[in-house]
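Chemist: Here you go, one structure.
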Amino acid sequence: MTELHLWLRHEPRTTERRTPVVPADARRLTGSGVRLTVEESPQRIFPVEEYEAAGCRRAPAGSWPTAPRDAVVLGLKELPGEPAELAHRHVFFGHAYKRQPGAAELLRRFAAGGGALLDLEYLVDDEGRRLAAFGFWAGYLGAALAVLQHRGRLAAPLTPTAKDDLDAELRPAAGDEEFTALVIGALGRSGRGAWTAFGTAGVPVTRWDLAETRDLDRQALLGHDVMVNAVLATSLVPPFLREEDLDTPARRLRTLCDVTCDVGSPFNVLPVYDRTTDWTEPVRRLRKEPPLDLIAIDNLPSLLPRESSVDFSAALLPQLLAFGSGAAWGRCLDRFHQACRELGIVEGEWES
Ligand SMILES: NC(=O)c1ccc[n+]([C@@H]2O[C@H](COP(=O)([O-])OP(=O)(O)OC[C@H]3O[C@@H](n4cnc5c(N)ncnc54)[C@H](O)[C@@H]3O)[C@@H](O)[C@H]2O)c1
């Protein structure tokens with residue numbers, strides 16, 4: 001069997017400080033005979049020197065197009081617009097299988113170059129469960145930001161931080177008013193993160209998942225001061241909140257954090273807003289009196305780059321060690337071919 005060559009690329013998005021492989025796991029890979037090249041990256045939370053000390057070779061930022069053709073390029077978020085033809089296998093979140101803007105163009109670049117997308121969102125076990133995900137920290141951040149906003153202590157713009165510093169801000173201070181929180185999707189990764197953060201903040205939390213929303217009690221929902229939505233909706237369900245619910249006089253709800261951020265999708269359970277918020281303006285007021293504030297940020301885990309990278313890398317490591325033999329990667333590749341077929345894209349041959 002040929003030696004696996006992984007190539008960890010620089011992320012072009014300047015706010016993206018996370019990495020799919022941290023230096024401690026890089027050492028496990030190189031120790032297992034994997035060749036690992038790591039691009040220099042000014043914003044990555046771990047300096048390239050730590051990877052070098054773990055037995056990795058260093059390469060300039062963005063040099064992956066010149067990597068040997070059999071190298072597997074590893075990243076998290078979008079590729080730069082060039083080169084037009086992608087010749088390598090790339091592991092990252094492509095967001096290209098649900099007809100997102102730019103999806104067909106990205107797949108065409110792969111088809112033109114003979115490369116392939118191994119999308120991390122579709123790296124799943126035999127039962128379809130995601131093998132590596134950032135959900136826990138998305139939920140943790142979502143609830144943390146909601147608490148800070150509710151207490152009048154959320155400062156914008158948001159900047160990446162560390163968990164200890166975030167927790168210090170979250171702990172209740174003398175004079176803080178008590179309030180209640182609801183997490184929907186509480187049994188999932190993001191949901192668990194959300195109620196863990198409410199625990200740190202000393203906020204009593206109600207947990208709902210599928211069983212509790214089957215016959216939705218909107219009055220009970222509106223009776224909480226803060227709500228975090230963390231569901232993964234895969235079918236049409238009645239919305240948790242509608243415009244008219246926001247105008248219910250008995251509404252206690254003041255702060256709403258939508259971790260799911262399915263805005264625009266037919267599965268959206270919170271069709272009460274039309275665009276997400278971001279790090280510069282994390283909060284949007286949906287109602288003036290009584291106030292209702294919305295937080296709907298779609299890149300929450302990037303705000304805790306170290307912790308989220310460490311967890312993600314730990315989950316990805318066994319899959320990387322099984323690259324080439326694991327059934328999960330086969331499913332990933334099948335999904336890529338299926339997406340190309342659905343769009344009528346004819347693929348070139350990947351020789352090696
Ligand atoms: N905002 C961000 O930065 C960010 C980051 C990561 C993930 N996400 C999103 O967060 C969502 C949750 O991700 P996850 O990894 O926690 O998923 P998950 O599969 O681990 O958990 C989802 C949970 O939602 C529950 N659920 C589904 N439909 C429900 C319903 N109708 N009522 C109540 N509960 C329901 C499921 O039973 C499950 O417990 C996804 O949409 C994901 O894309 C957002």
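Residue 1 is the first one shown; counting continues down the chain.
Cβ atoms are placed via backbone N, Cα and C, with glycine included.
TrEMBL: automatically predicted annotations, no manual curation.
The following feature annotations were taken from TrEMBL:
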type     : residues                                                                       : note
DOMAIN   : 7-141                                                                          : domain 'Alanine dehydrogenase/pyridine nucleotide transhydrogenase N-terminal'
ACT_SITE : Lys77                                                                          : active site, proton acceptor
ACT_SITE : His95                                                                          : active site, proton donor
BINDING  : Arg129, Gly188, Arg189, Asp209, Thr213, Val259, Ile297, Asp298, Asn299, Leu300 : NAD(+) binding site
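Quick one: where do these features end up spatially?
Modeler: Counting only same-chain residues six or more apart in sequence, the Cβ atoms lying under 8 angstroms from the Cβ of Lys77 (active site, proton acceptor) belong to Glu11, Pro12, Arg13, Glu16, Phe92, Phe93.
Within its own chain, His95 (active site, proton donor) has Glu78, Ala103, Glu121 as residues 6 or more apart in sequence whose C-beta sits under 8 angstroms from its own.
Of all Cβ atoms in the protein chains displayed, 18 besides its own lie within 10 Å of the Cβ of Asn299 (NAD(+) binding site). A coil conformation is recorded for Asn299 (NAD(+) binding site) in the three-state DSSP classification, outside any helix or strand.
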Chemist: Would you mind giving the whole-number mean pLDDT across the domain 'Alanine dehydrogenase/pyridine nucleotide transhydrogenase N-terminal' (7-141)?
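Modeler: The answer is 95, the mean pLDDT of the model over that range.
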Chemist: How far apart, in Å, are the two Cα atoms that lie farthest from each other among Arg129, Gly188, Arg189, Asp209, Thr213, Val259, Ile297, Asp298, Asn299, Leu300, the residues recorded as binding NAD(+)?
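Modeler: Greatest Cα-Cα span of the listed binding residues: 26 Å.
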Chemist: Out of Lys77, His95, Arg129, Arg189, Thr213, Asn299, which recorded positions lie by ligand 1, with a C-beta less than 6 Å from some atom of it?
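Modeler: Checking each Cβ against ligand 1, the ones under 6 Å are Arg189, Thr213, Asn299.
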Chemist: By DSSP assignment, list the helix, strand and coil residue numbers for the domain 'Alanine dehydrogenase/pyridine nucleotide transhydrogenase N-terminal' (7-141), in that order.
Modeler: 39 helix, 23 strand, 73 coil
Chemist: Using a Cβ cut-off under 8 Å and a sequence separation of 6 or more, which residues in the same chain sit near Ile297 (NAD(+) binding site)?
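Modeler: Leu141, Gly142, Leu145, Leu158, Cys261, Thr276, Thr277, Asp278, Trp279, Pro282 - these are the non-local Cβ neighbours of Ile297 (NAD(+) binding site), listed in sequence order.
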